[in-house]
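Features as listed in Swiss-Prot:
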| type | residues | note |
| --- | --- | --- |
| ACT_SITE | P2 | active site, schiff-base intermediate with DNA |
| ACT_SITE | E3 | active site, proton donor |
| ACT_SITE | K58 | active site, proton donor |
| ACT_SITE | R265 | active site, proton donor |
| BINDING | H93, R111, R156 | DNA binding site |
| ZN_FING | 241-275 | zinc finger |
Amino acid sequence: MPELPEVEVTRRGIEPFVAGRRVERVDVRTAMLRWPVPAGLAEQLRAREVLAVERRGKYLLFEVDAGWFIVHLGMTGTLRVLPAAGVPVAAKHDHIDWIFDEFVLRFRDPRRFGAVLWHPREAGDVHAHPLLASLGVEPFSPAFTGALLHARTRGRTVSVKQALLAGDMVVGVGNIYASESLFRAGIRPTTAAGKVSLPRYERLADAVRATLADAIERGGSTLRDFVGSNGESGYFQLDCFVYDRAGQPCRVCGTPVRQIVQGQRSTYFCPTCQR
């Protein structure tokens, strides 16, 4: 599933092409995604100029003068920028095209867990949308601190890894990045969130930012389907300290990496480096 780094890589790849350009038309071939594509979306966007492309958590927010169209990539979704001249014929899983003058922005999603929604400007700020309003803080914002994590976890018995994954404290820390961040911070993922001290949470906040920044720099992680807007795979997964390295020696101390299951998801950690 594309997480924050993959969505941010997509945003950075798309924005230079679409910002300041007008949508000539929208072709919706499959309306039944995770939620139905709004029936009037094509008409709402016709001849509209894209003002900006923002990311909130794992959502992409395309702003036009009349509102925002919101895209979520789901588990297998991608957005590709294709030249209008000679654009490939749409395949089975190519559900939506936004046609501009010189290129096509194509949404592909084999499993159809992604979404394309519309938020009109008269409904208020897009960040008040029900899917966005309850999200945690952005990991690169000044609001994301060790003090925030410490305050929000007092008395909580859930594991620190599961607390990170929940998304109500900080957004975008998916399974890979939670394991990697906890390794960098030296925190065992099974530790109760409420038992982690303030200094350790300060290290964790720094580790989350560093891990996500490294992943974005490497184009995200491609475990199965993800490619960026240019069709290239990410390669962060090749440099992971612990994720998907069960039984292999820790890159720091040489102890075999352990794999456990938490909340039906695989967790990887070093029993020596993480306490």
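Note that Cβ sites are derived from N, Cα and C of the backbone, with glycine treated the same way.
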Measure between the Cα atoms of every pair in H93, R111, R156, the residues the record assigns to DNA, and report the largest value in Å, rounded to a whole number.
42
Rounded mean pLDDT for the residues that make up the zinc finger (241-275):
97
Tell me which of the recorded positions K58, H93, R111, R156 sits in the most Cβ-dense spot, judged by other Cβ atoms within 10 Å.
K58
Would you mind checking how many other C-beta atoms are within 10 angstroms of the C-beta on the residue listed as 'active site, schiff-base intermediate with DNA'?
27
K58 (active site, proton donor): which of the recorded positions P2, E3, R111 have a C-alpha within 10 angstroms of it?
P2, E3
Between R111 (DNA binding site) and the residue listed as 'active site, schiff-base intermediate with DNA', how many Å separate their Cα atoms?
13
What whole-number Å value do you get for the CA-CA distance of R265 (active site, proton donor) and R156 (DNA binding site)?
20
Is it possible to get the count of other C-beta atoms within 10 angstroms of the C-beta of E3 (active site, proton donor)?
23
